[in-house]
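If you check Swiss-Prot, you get these features:
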- G98, T99, N100, G101, K102, S103, S104: ATP binding site (BINDING)
- K211: N6-carboxylysine (MOD_RES)
- R372, D396, N397, P398, R399, G446, E450: meso-2,6-diaminopimelate binding site (BINDING)
- 396-399: motif 'Meso-diaminopimelate recognition motif' (MOTIF)
Amino acid sequence: MSHNLKQLFQQHNVKGLSINSKTVKDKDIFFAIKGQNTDGNDFIKDALSKGAVLVITDNKKNIVIDKVIYVKDVQAALYEAIEIFYPKKPKDLIAVTGTNGKSSVVSYIAQTYSLLGKKAASIGTIGVEIFGCVNLINDVPELTTLDYLSFRKIAHNLAENGIEYLVFEASSHGLDQARLREIKVNIACFTSFSQDHLDYHHTKENYLLAKLKLFINHLLPNGIAILNSDIEEIEFVKDYLHNHNIKFITVGTKGDLEITRLNGSLKGQNINFTFNNREYNFNTPIIGSFQASNLLIAVLSIHYIGFAFDDVIDSLVEVKAVKGRMERIDNTNIFVDYAHTPDALEKALTELKNIKLRDSKLSVVFGCGGNRDKAKRSLMGQIAAKRADTIIITDDNPRHEDPKLIRAEIISGIEKADYTEIANREEAIKYGINNLKQDDILLVAGKGHENYQIIGDKKLPFDDAEVVRKCVKVCHPVA
């Protein structure tokens, strides 16, 4: 098969591989793969019309079409083709999993590499970010963990352009569906764990075991797992990894790297910690105790790749907050955060409540996504009622659900607390800003970095941060 594939590549001057007819380019080979929701065999003619030079399929019905080649196992043929066509990867790989914090840790690691003078890239929810050189990648699928072909294509492109270090997010869906296949990493990180994605995993135990596949299936034999010691299930996780002979180290208030004191304000925080019997202290413009853990997980990741610990610590003052992750909008008291789980919302509200002035108020604008875990909606309403002074319930990405019913499920958890319901997200944000008084804080939660809103089949332009900026110009809140 290898010899035949190599011959086909040469004979047809193949330029790339594709499993999505929408993204086929001239002189690609299209692999017609049957997925969970769609079958590539239904799109063979589309792929050919877009310039595919060949189609590989394991469906004999399609071999009557010109340029279609039959194989017994199309997946196996694809994986073999990937090894031939996209063989390269950056030399050191780090993967990050967790309910919340993946994007932050991935960005902090890549930023720190760059500050240490290294070429690095990150892959995840926010897309592909490249540090230390020009942006090389376009047309990235919108998945936290890419399909295997997309991942290998990007990794090969990065390596070809001199990127030495790659850090990426590994979602529970991606791990459960084995999207990473045989990819091995030097370091694997676990940032946090709480309820999410039960629409897919059904139980919290299944969800946790899916996360742990990162360490069991993808960590190199001499690799290290870096764990947040404040995960509620940390003892189970440590026992599980120990039973699989996986080396690990913990970070947090009870960690091997122990966070001993945090002093936070709207402008950032001072972090104190101990490691290897030494005390350390540094300042960061990034707020949130959970972000302190994320920063230090990033520190240990890079240290165990082979960089001097003190050099890594010295670079932290220049690491910036990630778009849509406790992002303070300009010099206002308005924050945009991706918090879309009960745990993330509670942490974000708690952090802001702790740093606000005593007599000021904390407001929150949020909704919940449609066609996603319904069990978390009332919980998020309950958390908002407990932590915020003013609650504004609005729409997130309703997708194909009735947004009014989604809002009702959130409101069912609010119980006796007062709230305002405004379906239109921009109007809800505007209302929240208009009602701010001196020193009040507003959190706009749920969408973070996203620059769209999904309503039915439509993906409409919408960016929480830009809406905030627009409303601030009109409303002139006191910062």
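Any Cβ shown, glycine's included, is placed from N, Cα and C.
Since this is a predicted model, take the numbers as computed values, not measurements.
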Quick check: of the binding-site residues listed here (N397, P398, R399, E450), which one has the Cα closest to that of G101 (ATP binding site)? E450
Which whole-number value in Å describes the distance between the Cα atoms of G98 (ATP binding site) and N397 (meso-2,6-diaminopimelate binding site)? 22
Check the DSSP secondary structure of D396 (meso-2,6-diaminopimelate binding site), expressed as helix, strand or coil. coil
Span of the meso-2,6-diaminopimelate site, taken as the largest CA to CA distance across R372, D396, N397, P398, R399, G446, E450 (Å, rounded to a whole number): 17
Using C-alpha atoms, which one of the recorded positions K211, R399, E450 comes nearest to K102 (ATP binding site)? K211
Would you report the average pLDDT that the model assigns to the motif 'Meso-diaminopimelate recognition motif' (396-399)? 98
By a simple count, how many Cβ atoms lie within 10 Å of the Cβ of N100 (ATP binding site), its own Cβ left out? 23
Looking only at C-alpha atoms, tell me how far T99 (ATP binding site) is from R372 (meso-2,6-diaminopimelate binding site), rounded to the nearest Å. 14
Apart from the site residues G98, T99, N100, G101, K102, S103, S104, the 8 Å Cβ neighbourhood of the ATP centroid comprises V96, V105, E169, T191, S192, N294
Using a Cβ cut-off under 8 Å and a sequence separation of 6 or more, which residues in the same chain sit near S104 (ATP binding site)? T191, Q291, N294, V322, R325
Closest of K211, R372, N397, R399, E450 to S103 (ATP binding site), Cα positions, recorded positions only: E450
Would you list, in sequence order, the residues of this chain other than R372, D396, N397, P398, R399, G446, E450 that have their CB within 8 A of the centroid of the site's CB atoms, where the site is the one recorded for meso-2,6-diaminopimelate? H340, G367, C368, G369, G370, D395, K447, Q453, I454
Fill in the CA-CA distance, D396 (meso-2,6-diaminopimelate binding site) to N100 (ATP binding site), as an integer in Å. 18
K102, K211, R372, R399: which of these recorded positions has the highest Cβ count within 10 Å of its own Cβ? K102
